[in-house]
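Submitted below is the structure of interest, expressed as structure tokens.
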Amino acid sequence: MFAYIFMLILSLLTLLKGRYAQVFYWLASTYVLLLAGFRYGVGTDYYSYERMYTEGRVWFSEPGLVYIMDFMKFLGIPVQIFFLVIAFLIQYLIYKAIKRYSDTREVYYMAVFFYISLYYFNTSLNTIRQFIAMGLFLINVNNIINKRFIKYNLMFIVTIIFHKSAIFFYPMYFLHNLVTRYINTNTKRVTLLVISFSLMFVRFDELIIKVISKVFGNQYAYYTEWASSQYLEYSLSWKMAVLLIVKLLLSIWLVSNKEKFIHLKKHEVIFGIYYISLILTFPLYPMLIFRRLLFYISITEIIIFALFIQKNPKAKIVFILFALSYYFANLLLGYSTPLPYEIRLW
């Protein structure tokens with residue numbers, strides 16, 4: 001656990017004002033890369049990816065990661081360096097996107113801190129292909145901002161080569177405007193948010209299972225039960241419920257002040273995507289498959305939080321404490337199998 005605590009300390013030090021912030025940023029970034037690149041057995045699918053590289057056991061249909069793997073194997077690169085290269089690719093894509101949408105260095109450093117402390121980094125150790133796709137999707141948001149539909153489509157093709165689940169968020173090119181056009185007052189934004197939160201306690205898993213059973217019939221009952229137990233199981237601990245209540249209150253505070261910190265076109269688009277993720281996250285959070293799927297758009301919160309804090313410095317300590325609490329709750333609950341952390345250099 002010390003490896004993660006030290007990572008959080010370094011990321012916190014990047015928030016200091018003055019010339020040392022940049023030094024701590026590079027130290028934190030290097031440490032995060034090495035932590036991901038030289039991990040051993042960390043992440044639910046670690047050994048599956050290891051066998052994929054060493055034995056050629058590919059269990060997914062998307063070719064993107066396979067192309068990278070085949071090229072590295074052709075060069076005779078060992079498996080641990082494969083993990084290091086993939087860690088670098090994920091970090092490069094995510095950080096590049098964050099920097100593109102940050103106005104100042106302080107906003108950028110703050111967003112990177114939230115990327116780490118809101119557990120996205122730890123999740124990237126498990127969902128490797130999805131996080132490559134997420135990085136590409138985040139960069140592709142720039143084509144939504146600039147209304148480059150052809151480039152958006154071309155970039156999306158590259159994205160789904162790594163993880164086809166990204167296709168669910170293709171409509172973001174069109175949907176983000178709904179927030180600006182129709183959910184355009186504080187009252188509307190807050191009301192919809194509260195309704196969304198109340199739906200978190202509805203057992204959508206049972207409803208989905210019933211629909212699947214009716215569509216496919218009794219002959220597939222075994223597979224329906226297996227799939228539901230693996231991916232649709234409703235799971236919400238009291239610790240996470242408390243944190244989600246806090247997140248609701250912080251979200252209400254944030255969206256109620258939208259006009260005070262969202263001024264640029266690019267931030268308007270990102271806020272639209274963030275708000276859509278917010279109203280979907282609460283009701284779907286208890287089901288792991290949807291929680292993971294929504295990472296594509298929920299990751300925009302790291303930028304929105306940073307922008308909000310820039311305009312409202314009093315919120316800084318509150319959001320930092322929430323992020324740290326959220327991180328340790330996920331860590332101790334074992335999400336993405338982070339513990340025990342072991343190192344393998346070669």
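For all residues, glycine too, the Cβ spot is worked out from N, Cα and C.
In TrEMBL, annotation is done automatically, which means it is predicted and not curated.
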Could you check which of 2-19, 20-37, 128-145 is flagged in TrEMBL as transmembrane segment?
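So the range that TrEMBL calls transmembrane segment is 128-145.
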Can you tell me which recorded stretch out of 107-122, 128-145, 317-336 has the most Cβ pairs within less than 8 Å of the transmembrane segment (268-287)?
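Stretch with the highest Cβ contact count: 128-145.
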Hey, which bits of the same chain come close to the transmembrane segment (317-336), Cβ under 8 Å, at least six residues off its ends?
1, 4, 8, 12, 15, 43-44, 113-114, 116-119, 122-123, 125-127, 237, 239-240, 243, 246-247, 250, 305, 308-309
